[in-house]
Amino acid sequence: MTSVLLGEAEGISVLDFGAFLAGSESMKQELATAMLDSFKRIGFVYLVNHGIPEANIRTMFQWSKRFFDLPAQVKLLAPHPPSGTHHRGYSAPGVEKVVQHVYDPESLRDIRVKAPDVKESFESGWEESKSMPNIWLPEGVLPGFKEACMDFFWACHDVELNILKALCLALGISEDYLVRYHQGHDNQLRLLHYPSVPVQDLEDDKISRIDAHSDFGSITLLLQDDIGGLEVEDPNNPGKFISAPSIDGALIVNAGDFMMRWSNDLIRSTVHRVRAPPQRKTVNGMAPERYSIPYFCAPDFSAVVECLPGTYSIGNPPKYEPISAQQYILQRLAASY
């Protein structure tokens, strides 16, 4: 085991990101290479010493719980618009249905009716955005919530930039190559709450927490409580899913579709889902409520995503045509609502 590799969880590397933040040049390279290797194998990695203090994370989870504990009619004072293309504000359970590359309206309707996603969420982003302005609770309702979300949004952005620099180092390109496309203005902070539901309904696919899907941004930073239920598709056995448990102090990072395209399939954008938690976590046949905080890192909407230098050759040509970041993101969001 190397000095940066702390172990593995179900095949996903657990790495000490402090080696990149404060280590020697050789330690930075070692960390970057190990992180890229985990992304190549399974599309996910755990990072400890990532730069966000544990106290800040606990505080953000407390704010999340305070928000979701509000009465439904109060949460709906910050309503998510009917269209998924303005992805801000509060969505009640069953409103959003995450799908994987399904865009036909009739097929989407059938999927939503068959097994609704039983979760509620709150989305926020760059406060100055004109194309996707934030939707907050009225002034005086849950004072401090907006400020907490924005502080955490930019703290996550700092981590994102360091991860992108490490990836560039591992790929042998200029350290700021990907940073130039990620100013954070089109990122999304999501607070998620999964209410307690019967385990049998989850196992019988009568309802779901989040169905199998890939993320469509560059990378996703995920913080989750200790309930469990996150599963990642086994890259060597399509259709089989393995648990991605919560690890104290660790941030889960997964690569999205844009990173897969940028790397010309060197990096995996792995399908994942949220199912019933381990049996030891259930109580009287009920899956306990679950909280998580994903931070979706997207390229700027103005970016055109195309294969990075060094990822293609005459024998391994680009697998993807250049694509508008805005066009692809809005297409995927529209299919979710």
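Note that Cβ sites are derived from N, Cα and C of the backbone, with glycine treated the same way.
Residues annotated as domain 'Fe2OG dioxygenase' in TrEMBL: 185-299. As a summary of secondary structure, the domain 'Fe2OG dioxygenase' (185-299) carries 14 helix, 46 strand, 55 coil according to DSSP.
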Legend entry - Per-residue pLDDT averaged over the domain 'Fe2OG dioxygenase' (185-299), given as an integer: 93
